Amino acid sequence: MTIAKKPLVLLIMDGWGYRPNMPDNAVANANTPVLDKLCKDYANNLLSASGMDVGLPDGQMGNSEVGHTNIGAGRTVYQNLTKVTKSISDGDFFDNKNFVDAVDQAVAAGKAVHIMGLASPGGVHSHDQHIVAAIELAAQRGAKNILVHAFLDGRDTPPRSAAGTLALFDEKYAQLGVGRTATLVGRYFAMDRDNRWDRVEQAYNLLTQAKADHTAESALAGLENAYARDENDEFVKATVIGEPAAIEDGDAVLFMNFRADRARELTYTFTDSNFSGFERASVPNVHFVTLTEFADDITAPAAFSSERLTNTLGEWLADHGKTQLRISETEKYAHVTFFFNGGVESEFKGEDRTLIKSPSVATYDMQPEMSSIELTEKLVSAIKSTKYDVIICNYPNGDMVGHTGVYDAAVKACEAVDSCVGKVVAALKEVDGECLITADHGNAEQMIDPVTGGIHTAHTNLPVPFIYVGRNAEMASGGRLCDIAPTMLNLMDMEIPAEMTGTPLITLK
């Protein structure tokens, strides 16, 4: 006979930070009666989700990869941004074997060194100082033809802010006497993660064929031309800068993004012999190196290997015979699976996964509810099945709509999530289950840039909510994302592994 389980559900409201009420605060100004009542009736506090508390440099805003990794690990996990930056300051970066080998082979054959990545100081997917260091490394190794392919941000940075980074690159070329920016394209095309191969194809054709609708004599001129076409950084269409310079056989290609989820698709176009996303007109045989490990099935060498996290929440639950479900939309599916499991692709024993397809719209302000209704239906069904001990669910709306910078849409996104939370809590009460509600980082609570007065599309470094909907309890003040997993295990009356250095925050009365 199957024993009915009383599930503990962790709801992660992506991009939902806490900020005192302001006119541009979509979270506070949204009509959220469910969450308002939960905060009134149940134990709750705020958690730190940025900076050193999640393994990032002081003051650095959190992000979804970092947030989910810390939540799932139950400990502060020092992030790739921190590791790579330290290796540059220590000098170890310039002796990195995989980078050096690729560059040296290209130099010996008189070929080019291509450096591509998100040209941004945002620190979420990349950092422009890492690209500068790669330019320096190539120059030190004797490269005479260093070509930078700049993917423009405007999502983790202000919408029209790329000029500073492009000027930084120009200064470095002038200082070294070698190198130039060869192409520009917005991250909308180069960094898709939802199998929108028509977008990726445009970036790939720019890189491998120098195929573009636009040209310019300099990177800054190309950027200004894009702005004149009313294209913000994220959406800049493929642009060739100066003499066309496509990636060719024998060249070295260094992909300088450190975050995996939005780097995988473009990497597959270069490295997967069975690639079928689109017909590739050119498939150059290159020395391709990624900055970090993007996926188990990517064969290209990585300059920095991933830290193996043992006894994450998912692994610990599996080892103790517990069942678990991970569920989200396409946009955050990798976060509740791969990142939550500490970079492990495969499911643990007793772990099921449910993927709900995100809507096919150009930008999510066009459909701020995204696929939350279908997601909630599947989640409620899973709760009522009493099959699972633990369910991890991510609602992407606050983050994905917050990134558009459209305030009214962000308000609607928050209201949609609130309605869904109400249905989840009602289902849990039917089966005597419990719920923890939190976020991985902030976003929608700040929609106007206080400096420029323009729209704010980036994450914030503000705290996030933590609500316990369950038994009568007290909540400790303070806390970090890494405290969530130990808190969950404590609520389940389970031992906490030694590797989890987070602190349980809830005391049952």
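Glycine is no exception: its Cβ is also placed from the backbone N, Cα and C atoms.
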One of HIS68, HIS114, HIS125, HIS441 listed by Swiss-Prot as binding substrate at the site of ARG155, ASP156, ARG187, ARG193, ARG259, ALA260, ASP261, ARG262, LYS332: HIS125
Same Mn(2+) 2 site per Swiss-Prot - residue from ASP14, ASP389, ASP483 joining SER64, ASP440, HIS441: ASP14
ARG193 (substrate binding site) versus HIS441 (Mn(2+) 2 binding site) - Cα distance in angstrom: 20
Pairwise Cα distance for ARG262 (substrate binding site)/ASP399 (Mn(2+) 1 binding site) [Å, integer]: 15
Separation of alpha carbons, ASP399 (Mn(2+) 1 binding site) and SER64 (Mn(2+) 2 binding site) (Å): 9
Substrate site span - longest C-alpha distance across HIS125, ARG155, ASP156, ARG187, ARG193, ARG259, ALA260, ASP261, ARG262, LYS332, in Å: 17
Cα proximity to HIS403 (Mn(2+) 1 binding site), best match among binding-site residues ASP14, HIS125, ASP156, ARG193, ASP440: ASP156
